[in-house]
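Read the structure below first, then the notes.
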């Protein structure tokens, strides 16, 4: 069956369900589509369609993710749900499924569990801006005091990891009752979507952020000067604007004297465009792949940072052995590899393949970087890990 095209007239937000295994993330995802389908805002998707999530490859890592889309009165949503805990870890660290917000699912019958904690921590580390809580399976709890206790525990846990635990909306309901079409089940889903609509902030569009373009290639065009090519990551570049060349060497200033796309001259290039940018007075040898063009002052080069990293298992084509302190692989940022040294936290002697870990990295050359930047770890051209910059240290 052909997928119905959604009219993209409403603002778009990417969200996902997170939480402990068997707390009802996939049931909730199915319930949202089934309840919203009644008002024409979704295509009803059954639990087993979502649970059979296809495998995808993101930066050399295989991740199983299910995608559904739906809309409320105010917004259009793309929603991701992962079958296994490892898929969540990989998804959040690689940014394969960008999340502007999350729905944390907690079983009222069990309360917060180890993966509940881990997902909240990961969400904080990778910069998920906001989350709403769905306290699921309330049909299995008879004692209102117990519900209150679980809610309190969840709020404390959120606060502990740096989210505003006292403010976050917590909706109580039963995904199963919603799937069965019971009115109280559906009412909770509608309440949840109202909370998601109002509490999860509208993301800043890529074109509204400062201009940034990773350099992929550099050419010299006789009589015209130096042209750099790449895909604009964020913002807009107009002819005549000053820009900086950042990373690997000292930051240089230059001016954009032309923007070209598909052999046509444009007045500007914007986020998502593959363009060639002509630089005034910049020599071919002064620019190289791995640097970025950026709005002056918007991004700085750094060589020391803290990261949250997922290390590929042997089965995924990663290392067969753990690595220890002072391990020196290549870190692939945007378009280039830079060698760096890993410093593990004092309580960790090694990191096993298949684990995720937090550690500090020192690069041999600085890279244009901001918190939230994704990278791969490579050894001789093969990906052995994926990470995200959580804190810049210098």
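Every residue, even glycine, has its Cβ placed from backbone N, Cα and C.
Note that the structure is a prediction, hence the values are computed from the model and not measured.
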| Which stretch does Swiss-Prot mark as region 'G1', out of 3-10, 11-18, 19-26? | 19-26
| task | Out of 50-54, 55-59, 60-64, let me know the one Swiss-Prot marks region 'G2'. | result | 60-64
| Long-range Cβ environment of residue 22 (GTP binding site), under 8 Å and at least 6 residues apart | 107
| message | Cβ under 8 Å, sequence separation of at least 6 from the ends of the region 'G4' (136-139): give me the contacting residues as numbers and ranges. | response | 23-24, 27-28, 105-109, 147, 172-177
| Taking DSSP states H, G and I as helix and E and B as strand, how many residues of the region 'G2' (60-64) are helix, strand and coil? | 0 helix, 4 strand, 1 coil
| If one measures from the C-alpha of residue 82 (GTP binding site) to the C-alpha of residue 26 (Mg(2+) binding site), what distance in angstrom results, rounded to a whole number? | 8
| query | What is the total of other Cβ atoms whose distance to the Cβ of residue 138 (GTP binding site) is within 10 Å? | reply | 22
| What is the separation, in Å, between the Cα atoms of residue 138 (GTP binding site) and residue 26 (Mg(2+) binding site)? | 16
